[in-house]
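All remarks here apply to the structure that follows.
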Amino acid sequence: MDNQTEVRKFILLGLTSLQGLQKFLFMLFLLLYLSTLLGNMAIMIVVACEPRLHTPMYFFLSNLSCLDIFYSTVTVPKMLAGFLSGHQGISYTGCLSQLHFFHFLGSSDGLLLAVMAYDRFVAICNPLRYTLIMRPRACLLLAVGTWTTGFLHALMHTVMTSRLHFCGPNHIQHYFCDIKPLVRLACSSSQLNLNLLNIITGSLAIGPFVFTLLSYLYIFSFLRLKVQSKEGRRKAFSTCISHLTVVALFYVPVIFNYVPPSSGNSARWTMIATVMYTVVTPVLNPLIYTLRNVEVKCALKRRLFSTEYLAQKMFCLAACVG
């Protein structure tokens, strides 16, 4: 290894090399990215400003929106730059940083979906003890736990990847630095990295996914057997279906990418699956949760589209400027 040149820069080949298609994809993904930012920021602002939404469910929803904003920002701006300039270069340090934050925010996102499933399970199946179980301190600990677990999971992969030697080639078959396409370029053995990816990351994907499915199976059984009110049953089903839609859009492509066999998926299908949970899911989350949620829709109308509220904000802004 002493006589080999260490790679200090990688080239991201991106989604496609077709010039005509790159311009169209740039406009499409730019629109999706801006929608992600605006939609998730709107949810965070409304949840923070609306006292009636200061509940565990919306606390976790605002955390999910925050994660989605950062999660998309890790990969999409670099992808957009690649559409404009062709193949996009990234430094070795920048590649490891992107890998770390991608897995940090992605694993936190997956764990948070399982926490939200637990919140719905307690709220629907044990409503009398809901305020006791999901008290503010417990909710804060659950949120901190998801972020911390995601950070430690990503740190493990970052450290292990940094121990690999890269001596060429330096072209990554992806639009960002992910573990599998990166370790394929390593000159040293990467079997341990792939084993950790399959075992640890696979467990972090399958475990919360199974827990979420079991939670909702129990919820649906409970609603069918114990809840007599059609209106109460309809409202509970609406909330659960919204959450399950997000779960399916996120977990299915993640499991497709990170559960063994390690090299069983082609680079093109891997990128398509990754687009689903890095671009599509973050932009759909605000739509899914607001279009099927009367409380959020009403709060959005009051806080963001009320002429009285906008006039008040304009007056405050003018006073500050003055």
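Heads up, the Cβ atoms here are built off N, Cα and C, so glycines get one too.
Curation does not apply to TrEMBL; its annotations are automatic.
For 39-289, the entry in TrEMBL reads domain 'G-protein coupled receptors family 1 profile'. Here TrEMBL flags 24-47, 59-80, 100-118, 138-156, 199-219, 240-259, 271-291 as transmembrane segment.
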Result, the transmembrane segment (100-118) in contact with the transmembrane segment (199-219) (3+ CB pairs under 8 Å): yes
Reported mean pLDDT - the domain 'G-protein coupled receptors family 1 profile' (39-289): 87
